[in-house]
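Enquirer: Here's the feature list from TrEMBL:
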REPEAT    30-63  repeat 'TPR'
REPEAT    72-105  repeat 'TPR'
REPEAT    114-147  repeat 'TPR'
REPEAT    156-189  repeat 'TPR'
REPEAT    198-231  repeat 'TPR'
REPEAT    240-273  repeat 'TPR'
REPEAT    282-315  repeat 'TPR'
REPEAT    324-357  repeat 'TPR'
REPEAT    366-399  repeat 'TPR'
REPEAT    408-441  repeat 'TPR'
REPEAT    450-483  repeat 'TPR'
REPEAT    534-567  repeat 'TPR'
Amino acid sequence: MSNYSKALEFYEKALKIFEKALPPNYPNLATSYSSIGTAYNNVGNYSTALEFYEKAIKIREKALPPNHPNLATSYNNIGSVYKNMGNYSKTLEFYEKALKIFEKALPPNHPNLATSYGNTGSVYYNMGNYSKALEFYEKVLKIFEKALPPNHPSLATSYTIIGSVYYNMGNYSKALEFYEKALKIFEKALPPNHPSLATSYTNIGSVYYNMGNYSKALEFYEKALKIFEKALPPNHPSLATSYTNIGQVYNNMGDHSKALEFYEKALKIFEKALPPNHPNLATSYNNIGMAYGNMGNYSKALEFYEKALKIREKALPPNHPDLATSYNNIGLVYCNMGNYSKALEFHEKALKIFEKALPPNHPHLTTSYNNIGGVYNSMGNYSKALEFYEKAFKREEEALPPNHPDLATSYNNTGAVYNNMGNYSKALEFYEKALKIREKALPPNHPDFATSYGSIGGVYNSMGNYSKALEFYEKALKIFEKALPPDHPHLTISCNNIGGVYNNMGDYSKALEFYEKAIKIFEKALPLNHPNLAISYNNIGSVYKNMGNYSKALSFLEKALAIAQKSLPPTHPQIKMMTDNINHVRKM
């Protein structure tokens, strides 16, 4: 029931009895220490968990023969704590000790051997070595297929885990295949409100989410939520996870207030169910910070990201990857606020942790390189931006399958730098590489296609080939209109792009038509002081300036500046640009 404080209370009562009634190296004492260690592990108190697991192992090493399965269980327990602490080399050391014992002590198809292979696979999975993880998880599946009846829930669990590896490899069709195999077994083997069914619905929802099919993702996430609401107590952490998943869909659909509503529901549960420094609370604060960031409320975003960071600094060892994630989040907010030196400071902190804690080809490292590249790109330091973007895609080319969506993102980033440098042929080369991957890896109306078409359109616009630019921008708009709700902020990107082309062509009425479409969406979807609204008003002001209607131009440019001054720090480049635009019009 995840009521760990109550569990601890009873485990400790049991321990007191055992300590009085039994000799100090009796195996039942080890079981008691293990139970208490597990409870502390579940609440994120890893040092205390280790203390109790090590008490258990000392007893078992004295009381049991060297290849006894209970010794292996103890090694697995200690490994699981190191795994939660992000110390994967130490985790592997203990999981491999356990595996050696199980291989000697048990027949080749014993379920405990499968568990051990699964544990080892999970470490490689967390290290981002998915091919190695798959190797161990397939060993597990072979044992289960021989040892268990065809509808056994453990087989379904195995399919689920293999599905999750394919999911992380970006092979979504293969992930769906395994998740659906698991669901079929759970539907036959379990009652209709069993939590494992809900987990299955959640997994399938997550694949649709990554494929950009948000309505289908919501359908499965809501199925999961209905089961959890019936099957679990109201403050169970799995309910909070469900609310978080639904919040993420609304976030990607551009409904940030709805996302916030679900993230806050999740936070309320975590605050009641977990101790104040539990890592899951930090995750919840991060989600809320992200929603505020997307709404353009950067000070509020920082407040929640810093809350998350404080928890992680207390609860986790100094080189834990989750700490780096927090630094990256804070860096992204500073980048959006135009405080690039501060952004770099946090992204570089994150990179140092990832370089110490993770293997050299781990995806988190490439995220860091991309983030740092993005800051240098925004600063106009294109050679430095290229250096980091190239690090990112070179690592991904080594570590990921050739059609992984993350590789497309890195190529797109690199293309953007070449575009900013005025090297349009090179920009097109990278944008087209990204597009080819997306055509192979993603469904035809995925929003990432629109991103690719928009990027290619931007190059043609910069080259002055306005008909070609319009062709690609309109392709992007069609995808956004099919894939996203009508008030999604991404639609405004396309409207602004098309408006910009018409403005460059001197067709000012058409430019105004698209810029005004963008404004209408922003006014519905975003808070009144969102920086993107300022950009839209600035765009309209520039059209009126080109039409010679200076009073109208001034009215929109001043609106833009007023919003920017409220939502951005005074040193942000957009404020200078908008001020210059106003001064220019006033001189006319």
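Note: Cβ is positioned from N, Cα and C throughout, glycine not excepted.
Show me how these features fit into the shown structure, please.
Expert: Under 8 Å from some Cβ of the repeat 'TPR' (30-63) lie the Cβ atoms of residues 2, 4-5, 7-8, 11-12, 14-15, 18, 24, 70-71, 73-75, 77-78, 80-81, 84-85, 274-275, 277-280, 315, all in the same chain and six or more residues away from its ends.
Same-chain neighbours of the repeat 'TPR' (72-105): 30, 34, 37-38, 41, 44, 46, 49-50, 53-54, 56-57, 60, 66, 112-113, 115-117, 119-120, 122-123, 126-127, 316-317, 319-322, 357-358, counting only residues six or more beyond its ends whose CB sits under 8 Å from a CB of the stretch.
Over the repeat 'TPR' (114-147), the average per-residue pLDDT in this prediction is 92.
Same-chain residues lying 6 or more positions outside the repeat 'TPR' (156-189) and placing a CB less than 8 Å from one of its CB atoms are 114, 118, 121, 125, 130, 133-134, 137-138, 140-141, 144, 150, 196-197, 199-201, 203-204, 206-207, 210-211, 400-401, 403-406, 441-442.
Beyond the ends of the repeat 'TPR' (198-231), by six or more residues, the same chain brings 156, 160, 163-164, 167, 172, 175-176, 179-180, 182-183, 186, 192, 238-239, 241-243, 245-246, 248-249, 252-253, 405, 442-443, 445-448, 483-484 to within a C-beta distance below 8 angstroms of the stretch.
Under 8 Å from some Cβ of the repeat 'TPR' (324-357) lie the Cβ atoms of residues 86, 88, 282, 286, 289-290, 293, 298, 301-302, 305-306, 308-309, 312, 318, 364-365, 367-369, 371-372, 374-375, 378-379, 531, 568-569, 571-574, all in the same chain and six or more residues away from its ends.
Sorting the repeat 'TPR' (366-399) by DSSP state (H, G, I as helix; E, B as strand; all else coil) yields 32 helix, 0 strand, 2 coil.
Across the repeat 'TPR' (450-483), the DSSP tally of helix, strand and coil residues reads 31 helix, 0 strand, 3 coil.
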